[in-house]
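Report on the following structure.
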Amino acid sequence: MRFCGVEPYVDNAYIPIMTVFLCLAFCTVVMRVGNRFFTTGRYWWDDVFLALSLCGSFAYSAVAFEGKNHGLGAEMWSIKPTDITHLLAGQYASQVIYTVSRMLLRHSIVLFYLRIFAIGNGKPIIIGTMIVNLLGSIGIAGLLGLQCLPVSYFWTRWDGLHDGYCISLGVSVWTSGIIIMILDLWVLLLPLPFVAKLQLSKRKRIGISFMLVVGVSIVAFSLYKFYVGQSTERSPNPPVVFANIVIWASLEMNIGIICACLPGVRLLISNALGHFGLGRGPRLRQSGHISLGAADNFGPTGVKKSGFAYSRGSEAQIRITTTVQQKEGPTDSETNLPLHAIELGVYPISEVRAQAWA
């Protein structure tokens, strides 16, 4: 039909969308790693799993970019037979990569919860969530990876020259989609009972609400992606449907990575502003020390400024000291000070000269 002057419809909108959000995800991971380097100087398993999830997003994008050379996003009639096989093989690889990358991202977020809410009843629940996430993701990967037997029948059945068996596409898509959305919602709602017990400022509550909204949007992207995916068998142009799936899947992965990095990004920006005297965050020095202010300066209210000292070494050491000076008349209870008050303060009968908590 090209010889008759008819050009095929090609939808390459996924290329700029994937590129922008992949770059944003990469930048936020770098900022999170930078914040760790300039503060604690130590990394944990949540950082490792997040980096692996980002690698999965890069791999998914690489498969999609290569798919452009084989007709991804183009009308079916314009694609060469050999390109159809390559395109379907890429679709198969994308499904497995997507499942593994999303599992790693959920693992990273749950491990972050484990560091924050390790005290009390939170630890068993969080560890149980990790186990369920691992088993559920393995089940999804197995379902998608073995939906056709032999496996190669997934990308060779289109020509009718090969023998094999595949389960219904709708069954595999909706089964995996429902499991993924349940896991996402559970990981999203898991910290809320713990956060509700914290006394947070209005600004921090707004920040948590924003992260919650971002998390809900990821679930919405997932729902729409699976809705589009189950229509592949009925569509006259599956490569165009594949291109739409690529857009929503990449948004899921990359926005999820960005959401997981938001706390570290906020701290890095706060520290950077504090370094230039534009914010209240701690100032970063090249020597590796962080200071909130001079320890020997008193404010106008007589409250000595807090000092925060950090030195990066084999183990992080943090010292926070607050000194309050006040004068007041003796009361009946001052003659019966507890032991810790005597150890932490200097107390003559006439006045309280200083109390310190370190």
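Please read every residue number as a count from 1 along the shown chain.
Including glycine, each Cβ sits where the backbone N, Cα and C put it.
Per TrEMBL, the feature domain 'Rhodopsin' maps to 31-270.
Annotated transmembrane segment per TrEMBL: 12-31 (among others), in sequence order. Panel annotation: around the transmembrane segment (12-31), residues 50-51, 54, 57-58, 61, 64-65, 68, 72-73, 243-244, 246-247, 250-251, 253-255, 257-258, 261-262, 264-265, 268 of the same chain, lying at least six beyond its termini, place a Cβ under 8 Å from a Cβ of the stretch.
Within the chain, the transmembrane segment (43-64) has long-range Cβ neighbours (under 8 A, six or more residues past its boundaries) at 14-15, 18-19, 22, 25-26, 29, 32-33, 36, 72, 90, 93-94, 97-98, 100-102, 104-105, 107-109, 111-112, 114-115, 246, 249-250, 253-254, 256-257, 260-261. TrEMBL lists 43-64 (among others) with the feature transmembrane segment.
Here the transmembrane segment (125-153) has long-range neighbours at 92, 95-96, 99-100, 102-103, 106-107, 110-111, 113-114, 117-118, 162-167, 169, 172, 175-176, 179-180, 182-183, 186-187, 190, meaning same-chain residues at least 6 beyond its ends whose C-beta is under 8 angstroms from one of its own. Annotated transmembrane segment per TrEMBL: 125-153 (among others), in sequence order.
A Cβ distance under 8 Å defines the sequence-distant neighbours of the transmembrane segment (173-196), meaning residues of its chain 6+ beyond its ends; these are 99, 102, 106, 109-110, 113, 116-117, 122, 125-126, 129, 132-133, 136-137, 139-140, 143-144, 208, 212, 215-216, 218-219, 222-223, 225-226, 229-230. TrEMBL lists 173-196 (among others) with the feature transmembrane segment.
Tertiary neighbourhood of the transmembrane segment (208-227): same-chain residues 173-174, 176-177, 180-181, 184-185, 188, 192, 195, 200, 245, 248-249, 251-252, 255-256, 258-259, 262, selected by CB-CB distance under 8 Å and a gap of 6+ residues from either end. The transmembrane segment annotation in TrEMBL covers 208-227 (among others).
Per TrEMBL, transmembrane segment is recorded for 247-269 (among others).
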